[in-house]
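Presented below is the structure to which this report refers.
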């Protein structure tokens with residue numbers, strides 16, 4: 001028809017979205033969930049996985065975290081071979097554990113060991129939210145308790161980086177008792193004059209936030225980290241009030257006295273170094289008395 005002659009034709013051919021995706025290999029680019037900026041993954045990794053545009057702190061795995069804070073080549077891992085069983089015979093639990101082991105190349109949701117920060121020996125534990133959302137089961141609690149006891153034996157500070165959804169439901173009461181076990185180990189370490197630094201990263205919730213994560217001599221957190229016990233919706237339904245938009249963020253907790261500092265990832269190693277340096281003389285005096 002004549003009117004078809006006057007229809008404005010597209011100047012460019014439409015390229016199917018699938019074809020566009022195929023042009024960029026997986027893993028080359030990363031999209032920031034906060035500002036939506038797309039950047040080279042290599043650039044993000046170089047910046048300690050902090051968005052170069054908005055400063056959003058992307059999750060780090062355990063090994064990336066250890067590399068960012070410890071002296072190169074100084075880390076020695078503890079209890080690497082410990083693995084979770086299925087004591088309550090929870091359906092499908094063993095398959096999920098095996099799937100996470102293959103996906104993360106970890107045996108559990110926490111890596112523990114010793115290393116140095118500016119040549120100062122520390123015992124460190126780093127939780128990895130890729131493994132069962134960093135949930136705390138029997139092995140996670142046992143590894144953390146053993147790490148604290150090792151710090152006690154070596155008379156050195158203990159540092160933990162938390163990232164967890166809370167207690168592991170598939171292990172029931174056995175997971176909940178880890179809250180008490182880890183807290184008792186930390187109390188023994190504290191009574192002997194040992195330093196404990198807790199660094200809460202996104203997210204730190206449930207039984208982890210209600211136990212060892214909040215017991216530090218210094219409680220630090222990364223910017224924007226979600227930290228809390230119960231979920232926002234549960235709390236609002238309980239108190240029947242609308243909560244502030246920034247409720248349960250690291251900044252909110254700092255303003256209300258639950259944290260000592262919110263530390264940017266770029267500054268974390270130096271902040272830890274300064275704390276360790278300040279306590280070096282005093283702590284050794286306590287141990288030796």
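Numbers run from 1 along the shown chain.
Using N, Cα and C of the backbone, Cβ positions are placed for all residues, glycine too.
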When Swiss-Prot is consulted, the range among 9-31, 32-54 described as zinc finger turns out to be 32-54
Within 10 Å of the Cβ of residue 32 (Zn(2+) binding site), how many other Cβ atoms are there?
18
Provide the three-state DSSP residue tally for the zinc finger (32-54): helix first, then strand, then coil.
6 helix, 4 strand, 13 coil
Using a 10 Å radius around its CB, how many other CB atoms surround residue 51 (Zn(2+) binding site)?
20
Looking only at Cβ atoms, how many others are within 10 Å of the one on residue 35 (Zn(2+) binding site)?
13
I need the neighbours of the Zn(2+) site defined by 32, 35, 51, 54. Which other residues of that chain put their C-beta within 8 angstroms of the C-beta centroid, in sequence order?
33, 34, 36, 37, 52, 53, 55, 56
